[in-house]
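Lifted from TrEMBL, the feature list:
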type	residues	note
REGION	1-34	region 'Disordered'
COMPBIAS	19-33	compositional bias 'Basic and acidic residues'
TRANSMEM	53-74	transmembrane segment
TRANSMEM	162-179	transmembrane segment
TRANSMEM	185-203	transmembrane segment
TRANSMEM	270-286	transmembrane segment
TRANSMEM	317-338	transmembrane segment
TRANSMEM	350-371	transmembrane segment
TRANSMEM	423-442	transmembrane segment
TRANSMEM	467-484	transmembrane segment
TRANSMEM	490-512	transmembrane segment
TRANSMEM	524-543	transmembrane segment
Amino acid sequence: MMAEEEGPPVELRQRKKPKSSENKESAKGEKISDIPIPERAPKHVLFQRFAKIFIGCLAAVTSGMMYALYLSAYHERKFWFSNRQELEREITFQGDSAIYYSYYKDMLKAPSFERGVYELTHNNKTVSLKTINAVQQMSLYPELIASVLYQATGSKEIIEPVYFYIGIVFGLQGIYVTALFVTSWLMSGTWLAGMLTVAWFIINRVDTTRIEYSIPLRENWALPYFACQIAALTGYLKSNLNTYGERFCYLLMSASTYTFMMMWEYSHYLLFLQAISLFLLDIFSVEQSDKVYEVYKIYIFSLFLGYLLQFENPALLVSPLLSLVAALMLAKCLQLNVKKGSFVAKIIKVINFYLVCTLTITLNIIMKMFVPHKENGHMLKFLEVKFGLNMTKNFTMNWLLCQESLQAPSQDFFLRLTQSSLLPFYILVLIICFLSMLQVIFRRINGKSLKETVTLEDGRIGERPEIIYHVIHTILLGSLAMVIEGLKYIWIPYVCMLAAFGVCSPELWMTLFKWLRLRTVHPILLALILSMAVPTIIGLSLWKEFFPRLMTELMELQEFYDPDTVELMTWIKRQAPVAAVFAGSPQLMGAIKLCTGWMVTSLPLYNDDDLLKRNENIYQIYSKRSAEDIYKILTSYKANYLIVEDAICNEVGPIRGCRVKDLLDIANGHMVCEEGDKLTYSKYGRFCHEVKINYSPYVNYFTRVYWNRSYFVYKINTVISFQS
């Protein structure tokens with residue numbers, strides 16, 4: 001006991017030697033610090049860190065490259081792409097994807113880049129009687145970049161334009177997977193989480209990406225940059241990040257945020273949700289306030305630069321993102337001189353939340369009053385009808401509501417996620433992180449101080465700011481995905497990332513054991529074992545069950561066979577006059593624009609009110625309207641040829657009220673939609689049926705010039721000769 005008591009005083013006496021020997025002791029201290037034994041430990045630790053980072057980076061890059069090669073091989077097998085003629089290849093681009101790729105072709109045909117951009121920004125060769133700025137309206141920056149790269153790299157002599165284009169998109173998908181890998185690695189501390197993220201992403205690719213169905217979609221170009229932005233933001237929010245790492249994350253975040261905003265017209269809505277998540281993080285985590293406001297500055301800069309380079313796009317000025325960030329900046333001025341942790345600061349936090357919400361709405365209303373805008377007005381009407389706030393018989397609104405991607409998720413969606421074990425583990429991880437986050441919030445409210453550095457033994461995963469951000473963000477995205485299934489392609493990749501991070505994180509298991517008060521086994525040891533064992537078991541089970549399926553898909557040689565469409569496009573290119581204008585369904589018009597270059601009356605785009613009205617008017621060819629009415633509609637758009645599709649005219653859909661002809665009958669009052677509706681009987685038959693019979697008065701207005709099993713082409717007569 002005496003020896004134990006004398007220990008500390010001896011140490012104190014050694015540290016506080018007489019001043020005469022102070023220099024000797026300092027010299028001795030310097031010698032001690034130079035002893036090789038302490039040096040070996042840092043070198044050993046540095047080597048371990050380097051090896052870990054090197055292996056992790058190698059695994060991340062390899063995962064991205066393998067996924068890009070997998071997509072390329074699967075695309076080749078699915079469409080037998082290399083054995084097709086150019087026309088057959090282009091037909092695989094359907095709907096709005098065909099429009100995007102057609103402008104890429106136009107840029108390659110242009111005599112110079114400047115001339116090509118001018119023709120796209122003053123385009124009057126796509127839609128009849130309409131000059132559009134295609135670059136702004138359709139966000140054609142990916143096509144501009146791809147065309148420049150194709151010509152600048154001298155790829156013309158090496159690779160065909162279509163392979164270069166899809167190769168870039170597949171490469172971006174590889175970057176997408178790599179970014180998700182890095183995000184889960186940053187959160188969990190082990191690259192094993194990244195491997196599991198990639199495995200879940202590929203296995204659930206039906207719900208994680210639409211790359212298989214439509215390659216040129218804007219989201220396929222944009223979401224990889226958003227994934228990079230989230231990876232950089234995750235690293236930037238970490239508490240133990242050094243200065244150089246913080247600076248790198250900030251620069252990467254700035255570049256990816258701006259690029260993401262330029263690639264997709266709806267990107268600012270997604271960044272708005274992210275800004276809400278960061279705002280709530282700022283409320284719950286005082287230490288990260290400065291970093292959060294640095295991210296707000298990135299939003300402001302990206303919006304300003306995007307506004308200038310997107311031809312002064314008014315949609316960015318009236319976006320909720322700008323209103324929210326401006327409100328947050330104004331509200332911050334009220335908190336500058338308030339001491340953190342004081343009672344006044346807590347009161348101001350509550351006032352601040354109310355103030356930000358009020359200012360955001362007020363600023364957005366003011367901006368819409370002074371900035372003329374038409375973009376995305378139909379989205380608000382759609383949301384009103386979607387949530388039952390309004391009822392409508394409008395064809396466009398009801399047609400959008402009938403789209404599978406805009407409906408609530410089906411049971412098959414949840415069944416697929418459960419079979420791959422993703423959903424159960426995601427729910428487990430989310431619950432633990434969310435409850436731990438609430439625990440931290442209650443500690444703050446009660447005035448308890450939090451540790452500056454949280455250790456594994458503490459079991460407080462909810463104190464980490466990057467975890468708080470991801471929990472809030474995934475809840476927001478998930479809530480929207482439960483209403484609109486199309487948003488699952490944004491949400492599910494982060495479900496993969498969050499679930500993989502959780503099962504591979506010892507800190508999460510330790511948090512759970514702290515709550516369970518586990519005493520029989522050492523909790524830290526058990527947490528470390530489970531963080532390795534659980535993902536290994538999951539990985540082996542996924543490999544055994546799903547890897548053979550993936551290999552079977554790559555081995556099966558599928559064939560995309562659509563001879564009727566090929567025959568139609570061939571006839572148009574050979575027989576139709578160059579100045580002809582075609583009318584038909586918007587989806588078919590996109591294919592005609594790509595495959596033939598002929599002018600059309602409408603496009604499969606839903607961000608322009610005039611185009612939406614055109615689509616509704618042209619669709620009247622499948623309604624119960626007179627030949628004269630249809631003739632007047634078509635000639636008002638200067639159409640020369642009309643194409644009737646048998647698949648739409650004789651459509652037998654699973655949901656009767658969602659067929660095009662049913663929606664038209666509801667809009668025209670020819671079908672009862674609800675009780676109390678007035679039914680107006682039409683004395684005319686369905687136009688698409690009647691025009692095929694070739695009797696008066698239909699034959700007076702329209703002359704059939706071509707037909708096959710799927711399409712009927714009619715020339716719209718310029719001189720009407722009535723026959724008896």
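Glycine is no exception: its Cβ is also placed from the backbone N, Cα and C atoms.
Residues 188, 190, 192-193, 195-196, 199-200, 203, 420-421, 425, 456-457, 500, 503-510, 513, 518 of the same chain sit 6 or more residues outside the transmembrane segment (524-543) yet have a Cβ under 8 Å from a Cβ within it.
Only residues 6 or more beyond the boundaries of the transmembrane segment (270-286), in the same chain, are considered here, and those with a CB under 8 A from a CB of the stretch are 226, 233, 237, 257, 260-261, 292-293, 295-296, 299, 319-321, 324-325, 328, 340-341, 349, 352-353, 356, 437, 440-441, 444, 465, 468-469, 472-473, 476-477, 480, 490. Outside the transmembrane segment (162-179) by six or more residues, the chain places 60-61, 63-65, 67-68, 71-72, 75, 86, 89-90, 101, 104, 146, 149-150, 155, 198, 201-202, 209, 211, 215-216, 220-221, 223-224, 227-228, 230-231, 493 with a CB less than 8 A from a CB of the stretch. Taking residue pairs at least 6 apart in sequence, the transmembrane segment (423-442) and the transmembrane segment (185-203) share fewer than three C-beta contacts under 8 angstroms. Sequence-distant contacts of the transmembrane segment (423-442) (same chain, six or more residues past either end, CB-CB distance under 8 Å): 284, 414, 417, 450, 460-463, 467-468, 470-471, 474-475, 495, 498-499, 501-503, 508, 511-512, 515, 538.
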